[in-house]
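Novice: As annotated by TrEMBL, region 'N-terminal catalytic PFK domain 1' applies to 1-557. What TrEMBL records for 182-491, 572-863 is domain 'Phosphofructokinase'. Marked as ATP binding site by TrEMBL: Gly190, Arg254, Ser255, Gly284, Asp285, Gly286, Ser287. Residues or ranges marked as substrate binding site by TrEMBL: Ser330, Ile331, Asp332, Arg367, Met374, Gly375, Arg376, Glu431, Arg459, His465, Val466, Gln467, Arg468. The region 'Interdomain linker' annotation in TrEMBL covers 558-571. Under the heading region 'C-terminal regulatory PFK domain 2', TrEMBL lists 572-949. Feature annotation from TrEMBL assigns beta-D-fructose 2,6-bisphosphate binding site to Arg642, 700-704, Arg738, 745-747, Lys831, 837-840, Arg918.
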Amino acid sequence: MPFSLVNGTSSVTLYASDGALLSEALNFYTNVLGFTYHSEDGNVTYLANTGASMVVKIIVSKTRGLSSSDIQTKKQEFIKILNVYDWRSVESNVVLKTASVADLTTTLQTFGFPIQVSPNEMFPNELYTIDPLGTVIGFCAAKNPLTLNPPLQKTNRLLSMEMKSTSGSQTAQLVLPSHKRNIAVMTSGGDAPGMNANVRAVVRTAIYHGCKAFCVMEGYEGLIRGGPEFIREMSWADVRGFLSEGGTNIGTARSKEFRERKGRLLGCKHLIEAGIDALIVCGGDGSLTGADLFRAEWPSLIGELKDTNQITSEQFEKHKHLNICGTVGSIDNDMATTDATIGCYSALDRIVQAIDYIDATANSHSRAFVIEVMGRHCGWLALMAGISTSADYIMIPEKPASSKDWQVQMCDIVGKHRAKGKRKTIVIVAEGAITNDLSPISAEDVKNCLVDELGLDTRVTTLGHVQRGGNAVSYDRWLATLQGVEAVHAVLECTPDTPSPLIAIEENKIVRKPLVEAVEMTKKVASAIESKDFAKAMSLRDSEFTEHLHNFLAMNSANHNEPSLPLEKRKKIAIMNIGAPAGGMNSAVYAMATYCMSRGHVPYAIHNGFAGLARHESVKLIDWLEIEDWSSMGGSELGTNRETPGDTDIGMIAYFFEKYRFDGLIIVGGFEAFVSLDQLEKARTMYPAFRIPMVLIPATISNNVPGTEYSLGADTCLNSLIQYCDIVKQSASATRDRTFVVEVQGGNSGYVATNAALCSGALASYVPEEGITLPQLEADIQHLKAAFKADQGLARSGKLVLKSSNASKVLTTEVLASIMKQEADGEFDAKTAIPGHVQQGGLPSPIDRTRGARFAIKAVQFIEENCDTVTRHKYDLDFDVSTRVVQNTAAVLGVKGSHLRFTCIRQLFDFETDLNKRMPKKIHWQKTRDISDILVGRTRVVANKNTVF
Ligand SMILES: Nc1ncnc2c1ncn2[C@@H]1O[C@H](COP(=O)(O)OP(=O)(O)OP(=O)(O)O)[C@@H](O)[C@H]1O
Ligand SMILES: O=P(O)(O)OC[C@H]1O[C@](O)(CO)[C@@H](O)[C@@H]1O
Ligand SMILES: [Mg+2]
């Protein structure tokens with residue numbers, strides 16, 4: 001049975017205090033575990049396991065080994081500890097990876113060795129035993145314990161080991177397969193916030209899996225230069241602090257030489273010299289095109305190196321196949337087959353923030369501003385900034401303006417907005433904006449037009465590299481981390497026949513896509529634009545891009561042009577906010593209302609929730625000018641509170657619905673909104689006024705609405721929270737020996753705490769779903785102690801622990817900090833930090849603004865599509881409200897994996913909700929929790945029921 005050591009080394013040394021213990025140990029390793037080879041040199045015995053992937057060296061030593069009686073005591077002690085903790089908590093351990101833990105169970109039982117299955121739910125397939133020398137041996141399952149590629153027998157490397165037998169000296173050739181991978185990561189092209197998080201995740205995941213991690217410094221330039229300075233081995237600690245740092249700490253470049261075969265030949269040689277088996281490239285479309293070419297050319301490159309004797313035959317055999325993987329890092333978001341690239345939302349954040357600033361001065365002077373944003377060949381940043389700031393006009397390469405009359409088209413919209421009373425004008429121009437005859441349109445051209453045609457006092461602002469600067473927003477840290485982990489998994493699972501993957505995201509799901517196809521599709525966009533086939537260029541961008549563009553155009557022409565629906569299809573749609581405020585609520589209302597206007601529907605605002613309606617008939621027609629800047633505003637302009645129809649007066653609510661003859665209702669809100677929708681749906685039997693389509697757009701920082709993995713406001717909350725955590729961590733780092741316990745909101749949902757922990761690199765997070773157990777707390781304190789000790793006050797050692805306010809009633813934030821301080825024995829200090837309602841406030845993030853718009857427009861479309869189904873039967877006496885078709889017309893709109901879906905409230909409320917906890921029954925962020933813990937080296941201890949608070 002082949003084994004490999006988890007920590008990545010290939011040998012382990014054990015001590016036996018006498019010959020009797022040695023023979024027991026030999027019996028264990030040879031007869032039970034199947035180690036076959038052994039030889040001796042005086043007091044030293046060498047054992048090698050099948051395939052010789054690892055060596056056990058047992059030294060008979062009177063001073064170092066435990067005595068038989070000590071071993072007995074230790075065994076009992078370990079058995080006790082291992083009931084609660086896993087091997088990570090035991091100092092003296094050896095952990096072996098094996099393909100079949102199940103087979104081992106039988107073998108160990110047959111030979112009468114104690115067996116303990118893993119108490120750690122994160123590692124259910126682990127098994128432990130104790131060898132005759134008192135060593136805890138952990139076995140963890142691995143698909144391929146030797147992580148070999150190509151297969152074992154082909155790639156055995158010869159490792160000479162001096163071994164002597166008692167009968168005289170002999171030199172043995174011990175054949176050790178390379179059981180671990182050497183995985184390198186690099187960043188290339190323009191830097192993008194989040195690249196550092198990606199590098200951190202790759203390095204730590206690789207090390208976690210027993211591999212060696214390397215960084216190629218300075219992008220492809222580093223490959224061309226080679227050597228240990230440019231292909232540098234990285235340790236776990238080398239990537240500390242990377243999460244919160246902008247740019248890329250390992251350098252990037254735009255390398256001319258790599259575009260030439262000569263440069264790539266050098267790159268190939270240097271990778272082989274460094275022994276790299278797999279390369280993960282984090283870069284934009286250009287970098288990944290380069291990576292794809294490198295992969296395709298690899299056989300010829302390596303062949304040339306062999307033929308010219310630049311590499312040995314062994315090196316040739318071992319590196320025949322380049323295992324390559326792309327994680328897309330670029331602010332441009334121009335790579336096909338992924339919804340987002342690492343860095344694009346951080347750049348969008350910088351742009352949107354700048355435009356928010358400009359809004360104030362533009363309004364004051366009643367000026368026009370032309371903002372030039374980055375994006376050489378892609379209009380994603382300009383488009384999304386346009387939606388986020390409700391800009392008056394955008395210019396993007398995928399939808400070029402007419403060369404003949406772009407001025408007329410732009411001035412028509414801008415002029416109409418001004419005529420309605422708007423004081424400011426914002427036009428966003430992508431760096432690569434063109435007309436349909438491919439001539440560039442510059443910000444200066446746009447300015448001249450606004451001045452000449454409309455007489456507007458106009459200024460140009462070119463945002464430039466500010467857009468790439470600063471640290472990553474929470475989404476980019478999350479995306480980069482999850483993609484880094486997935487990239488390592490992908491290279492570990494790759495065989496020579498697996499197509500090189502690109503790690504992408506679809507809605508909320510990290511997926512692998514073939515790199516070749518992504519590169520091909522991306523190239524086709526450029527050639528479609530070049531050949532003026534703009535429809536094709538649009539169709540090749542991901543479908544979300546097209547959707548956003550249609551939405552922008554519809555919202556932008558709201559109330560100024562003839563509505564797109566015929567009179568008989570136009571509806572009266574009520575809009576309201578319910579629950580606590582959440583970022584994006586206003587953006588959703590703005591989008592909903594303007595989209596309604598563009599279609600010909602009449603949008604009504606219900607102010608101050610159900611209480612406002614029942615008590616004050618708070619219904620108002622929405623006026624375009626009044627909401628024109630809502631996209632950028634935080635809080636809830638409509639007014640929001642937690643009262644449900646049942647809490648107020650459902651009869652009054654039905655009366656007003658009837659009075660205004662609403663044809664549809666859209667609620668933007670959190671769990672109370674969810675409960676409200678349930679109540680209204682149930683009340684359809686009694687009140688025909690509710691026999692209209694009704695949609696809930698989830699909006700709550702707790703992200704606890706069943707039916708969705710994402711609620712508006714969660715991203716805004718995470719951004720302010722991680723900014724807060726970064727600041728607190730910096731303060732803690734400066735004092736060298738301090739940890740902060742940060743209390744976070746989220747009700748009974750651990751989503752915010754989990755994601756903030758992942759994005760801030762907190763050493764531990766406590767959430768209501770798990771509670772806080774004493775063993776876990778103890779393990780975390782030990783972890784903190786060890787981390788402070790390892791830093792020795794020399795490194796940046798600010799440490800965070802995140803606690804959801806509802807994680808424990810007894811162990812409050814204050815109590816936790818006091819316990820930690822007490823247990824730290826003076827090795828570190830512990831303080832509390834409570835951001836409180838800061839987490840709900842602030843301006844909405846671009847993600848919440850753009851998702852708010854997307855969800856809102858989908859919701860209006862849902863009303864349009866479902867109106868007839870339910871409304872036409874409004875006054876039927878025998879109408880059956882319990883049929884599925886009707887039930888489906890009251891739904892929650894949500895992100896589920898890689899899809900956006902409407903799920904009917906009946907299904908969600910009756911089957912998928914834990915009402916007592918106000919939570920979905922199934923949480924979707926467990927994987928994020930596991931990854932967050934693994935990347936900070938946290939040990940998870942399974943809860944003993946009695947110790948849960
Ligand atoms: N066709 C290609 N063949 C070989 N190498 C390439 C190719 N295209 C790009 N590269 C390599 O990738 C590097 C980065 O590419 P590029 O400058 O286009 O940036 P990018 O990866 O698209 O990132 P961003 O657009 O975000 O700045 C180039 O400098 C070059 O070394
Ligand atoms: O920083 P550089 O090399 O001038 O490149 C600028 C380009 O890089 C990008 O920011 C992408 O990283 C483009 O949007 C922009 O055109
Ligand atoms: Mg690019």
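Heads up, the Cβ atoms here are built off N, Cα and C, so glycines get one too.
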Novice: Can you tell me how many other Cβ atoms are located within 10 Å of the Cβ belonging to Arg468 (substrate binding site)?
Specialist: 20
Novice: Using all protein chains shown, find which of the binding-site residues Met374, Val466, Ile701, Val838 scores highest when you count other CB atoms within 10 A of its CB.
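Specialist: Comparing the binding-site residues Met374, Val466, Ile701, Val838, the most crowded Cβ belongs to Ile701.
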Novice: Near the Cβ of Gly746 (beta-D-fructose 2,6-bisphosphate binding site), how many other Cβ atoms are there if near means within 10 Å?
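Specialist: For Gly746 (beta-D-fructose 2,6-bisphosphate binding site), the count of other Cβ atoms within 10 Å is 27.
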Novice: Given the binding-site residues Gly190, Asp285, Ser287, Arg376, find the one whose Cα is closest in space to the Cα of Val838 (beta-D-fructose 2,6-bisphosphate binding site).
Specialist: Gly190
Novice: Can you give me the Cα-Cα distance between Met374 (substrate binding site) and Ile701 (beta-D-fructose 2,6-bisphosphate binding site) in Å, rounded to a whole number?
Specialist: 31
Novice: If you measure Arg738 (beta-D-fructose 2,6-bisphosphate binding site) to Ser255 (ATP binding site) at Cα, how many Å is it?
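Specialist: One finds 43 Å between the Cα atoms of these residues.
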Novice: Which of these binding-site residues (Gly284, Asp285, Arg642, Arg738, Gly746, Lys831) have a C-beta closer than 6 Å to some atom of ligand 1?
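Specialist: With ligand 1 as the reference and 6 Å as the Cβ limit, the list reads Gly284, Asp285.
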Novice: Using Arg468 (substrate binding site) as the reference point, find which of the binding-site residues Arg254, Gly284, Asp285, Ser287 has the shortest Cα-to-Cα distance to it.
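Specialist: Nearest listed residue in space: Gly284.
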Novice: Helix, strand or coil by DSSP: which one applies to Arg642 (beta-D-fructose 2,6-bisphosphate binding site)?
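Specialist: DSSP call for Arg642 (beta-D-fructose 2,6-bisphosphate binding site): coil, neither helix nor strand.
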Novice: Quick one: largest C-alpha distance among Ser330, Ile331, Asp332, Arg367, Met374, Gly375, Arg376, Glu431, Arg459, His465, Val466, Gln467, Arg468, binding substrate per the record, in angstrom?
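Specialist: Maximum Cα-Cα distance: 33 Å.
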Novice: Which of these binding-site residues (Ser255, Gly284, Gly286) have a C-beta closer than 6 Å to some atom of ligand 3?
Specialist: Gly284, Gly286
Novice: In the region 'Interdomain linker' (558-571), how many residues does DSSP put in helix, strand and coil?
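Specialist: The composition, in the requested order, is 3 helix, 0 strand, 11 coil.
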Novice: Quick one: mean pLDDT on the region 'C-terminal regulatory PFK domain 2' (572-949)?
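Specialist: The average pLDDT of the model in the region 'C-terminal regulatory PFK domain 2' (572-949) works out to 92.
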Novice: Kindly point out which of the binding-site residues Ser255, Gly286, Arg459, Asn703, Lys831, Val838 have a C-beta less than 6 Å from some atom of ligand 2.
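Specialist: The qualifying binding-site residues: none of them.
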Novice: Using C-alpha positions only, work out which of the binding-site residues Arg254, Gly284, Ser330, Arg459 is nearest to Ile701 (beta-D-fructose 2,6-bisphosphate binding site).
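Specialist: With Cα distances computed to Ile701 (beta-D-fructose 2,6-bisphosphate binding site), the winner among Arg254, Gly284, Ser330, Arg459 is Ser330.
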Novice: Please report how many Å separate the Cα atom of Arg459 (substrate binding site) from that of Gly190 (ATP binding site), as a whole number.
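Specialist: For Arg459 (substrate binding site) versus Gly190 (ATP binding site), the Cα atoms are 28 Å apart.
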Novice: Whole-number Å distance between the CA of Ser287 (ATP binding site) and the CA of Lys831 (beta-D-fructose 2,6-bisphosphate binding site)?
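Specialist: Distance between the two Cα atoms comes out at 44 Å.
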Novice: Return the count of C-beta atoms lying within 10 angstroms of the C-beta of Asp332 (substrate binding site), excluding that atom itself.
Specialist: 27
